[in-house]
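K.L.:
Found this in TrEMBL, in case it helps:
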DOMAIN    1-154  domain 'Peptidase M28'
DOMAIN    226-461  domain 'Endoplasmic reticulum metallopeptidase 1/1-A TM'
TRANSMEM  195-212  transmembrane segment
TRANSMEM  233-258  transmembrane segment
TRANSMEM  270-291  transmembrane segment
TRANSMEM  325-344  transmembrane segment
TRANSMEM  350-366  transmembrane segment
TRANSMEM  378-407  transmembrane segment
TRANSMEM  419-442  transmembrane segment
TRANSMEM  449-471  transmembrane segment
Amino acid sequence: MLEILRVLSKSPKILRHNIIFLFNGGEENFMPASHGFITQHKWAKEVRTFINLEACGAGGREVLFQAGPNHPWILETYSEEVPYPYASSLAQEIFQSGVIPGDTDYRIFRDFGNLSGLDFAWSANGYVYHTKFDSIEHIPLGSLQRTGDNILALAKGMAQGHQLSEVDKYRAGNLVFFDFLGAFVVRWPMVVADLINLSTVIFSLFSINENVKSARKTDDLTTRQYFRKLSGCMSIIVASWIASIVAAVLVAACLTALGRTMSWYARPFWLFFLYVIPTLLVSMAVLLLHAKYYQKVILRRCSARRLTFSPFQDLELSPWTLFQLYYDAYQLIWTIILLFGVTVRVRSSFIALIWVIFGSLGNFLKSKLFGKWRDSKWLLLHIGMVGLPFVQCFYLIIGALYLFIPIMGRAGAGSHAELLIAVMVSTLFTFLFSFAVPLILLVRGVERIFSLLTGLFLLSVAILILTPLGFPYSGEPTSLAPQRFMI
């Protein structure tokens with residue numbers, strides 16, 4: 001803030017509106033400093049908007065996790081002016097739900113000053129937060145430079161804007177927003193979001209209906225038969241999700257019983273071996289068991305009737321047809337999630353939106369433009385269409401884990417941290433692997449994949465139990481992760 005103040009004071013350009021720098025800190029209880037300013041200071045009545053800077057870590061990218069309420073022009077200014085954006089309405093809904101313990105001066109300015117603004121926080125390296133290591137020495141210079149560049153550009157943009165002259169005129173509206181891999185901010189009003197979401201739902205149902213028509217021609221299936229198979233695949237998918245989470249919980253329970261909890265605290269890579277691999281293994285195993293079960297059923301029926309062909313045989317025995325069924329099933333599940341988000345007015349429904357819109361587009365292109373494509377070409381189209389949602393969601397998941405893992409170190413007494421992280425990681429990666437899991441149906445050497453993943457999991461558990469690499473804390477100056485005691 002001091003550096004921003006210095007730069008602004010030496011700038012030859014006069015700002016249209018004044019900027020007040022409010023310095024208060026010390027993590028005071030109930031935030032009396034901000035409350036005292038906004039309710040008693042003589043300048044408080046002149047304030048039209050605010051930028052609040054917080055920290056729950058030491059450095060990293062400052063995440064915009066609260067914006068508004070109303071006044072969409074504030075977020076528009078952020079999107080247009082900031083060179084390195086990092087923002088998401090998902091983060092706002094998570095914080096305001098109370099899942100993350102804490103409060104900020106944003107609430108004081110909003111509730112007692114009736115103001116709208118932006119709330120930023122450093123979230124990286126939360127291990128040192130509120131410890132003796134929570135000092136300027138542990139904040140990377142790159143974080144200071146990045147935050148300074150962003151906040152300086154934002155402050156200039158807001159101070160030069162015409163909206164502050166008639167702030168009530170631009171009050172109405174809220175935005176759905178998220179940054180695309182830190183490159184730029186995607187945003188649109190809630191009304192536009194509803195139109196986009198509902199249009200995507202209709203487009204998704206249309207693309208699935210096109211596959212139903214194709215199945216009638218190529219697989220001799222009626223619409224009723226296709227949707228019966230589709231509903232069966234949806235049930236199997238939900239069962240695989242539940243089984244994956246249960247498997248992660250069992251792993252967490254075993255580690256707790258062995259006294260090897262929180263091995264991932266200082267070394268987050270353990271999460272991949274302990275929870276991501278079992279999640280993927282169980283999800284793939286459930287789908288494979290379902291496919292093999294149907295194959296045996298059809299073969300028994302054909303044998304009993306002395307048939308060499310069944311009108312359902314291609315559906316059950318062709319891995320590509322079964323893959324298409326699961327693809328449609330995942331798409332329909334995400335469509336239902338998107339429709340639910342629209343109904344309850346959840347702004348983070350953009351996550352379901354990107355899965356549905358790209359999945360539907362892939363289905364549409366395959367049926368209308370590339371209907372003659374088979375095997376490898378079809379697979380490349382599938383990977384190309386779901387690749388972008390996968391990367392964007394992986395980007396969000398990594399950000400969430402970097403925030404939540406250090407929080408588990410200050411979650412209080414008890415062994416629930418292992419269980420919470422197990423459920424969280426399994427759930428997130430279950431959703432992430434949605435359109436990837438059915439690919440196992442197209443693989444011939446399935447046993448090799450399962451053997452490799454199972455071997456990696458068992459080896460990692462052995463290393464964790466038998467070596468010091470499973471110790472959860474670290475005193476290394478370059479990677480501090482101290483243990484906390486609640487007294």
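These residue numbers are counts, starting from 1, taken along the chain as shown.
Cβ coordinates come from backbone N, Cα and C, glycine included.
These figures come from a predicted structure and were not determined experimentally.
Show me how these features fit into the structure around them.
P.N.:
Mean per-residue pLDDT, taken over the domain 'Endoplasmic reticulum metallopeptidase 1/1-A TM' (226-461), amounts to 85.
For the transmembrane segment (195-212), same-chain residues at least 6 beyond its ends with a Cβ under 8 Å from one of its own Cβ atoms are 188, 223, 226-227, 230, 324, 328, 331-332, 335, 338-339, 341-342, 349, 353, 356-357, 359-361, 363-364, 367-368.
Within its own chain, the transmembrane segment (233-258) has Cβ neighbours under 8 Å at 274-275, 278-279, 281-283, 286-287, 290, 325-326, 328-330, 332-333, 415, 418-419, 421-423, 425-427, 430, 437, 464-465, counting only residues six or more beyond its boundaries.
Residues 233, 236-237, 239-241, 243-245, 247-248, 251-252, 255, 263-264, 319, 322, 326, 401, 421-422, 425-426, 429-430, 433, 437-438, 440-441, 446, 449-450, 453-454, 456-457, 460-461, 464, 470 of the same chain, all 6+ positions outside the transmembrane segment (270-291), place their C-beta atoms under 8 angstroms from a C-beta of that stretch.
Sequence-distant contacts of the transmembrane segment (325-344), counting only residues of its own chain at least 6 positions beyond either end whose CB sits under 8 Å from a CB of the stretch, comprise 194, 197-198, 200-201, 204-205, 207-208, 211, 229-230, 233-234, 236-238, 287, 315, 352-353, 355-356, 359-360, 363, 382, 434-435, 437-438, 441.
Among residues of the same chain six or more beyond the transmembrane segment (350-366), those with a C-beta under 8 A of the stretch's C-beta atoms are 89-90, 176, 178, 186, 193, 196-197, 200-201, 203-204, 206-208, 210-211, 327-328, 330-331, 334-335, 337-338, 341, 373, 378, 381-382, 384-386, 388-389, 392-393, 396, 434-435.
Sequence-distant neighbours of the transmembrane segment (378-407) (same chain, 6+ residues past either end, Cβ-Cβ under 8 Å): 56-57, 60, 63, 88, 90, 100-101, 123-127, 129, 180-181, 264-265, 268, 271, 320, 327, 351, 354-355, 358-359, 361-362, 365-366, 370, 421, 424-425, 428-429, 431-432, 435-436, 439, 442, 481.
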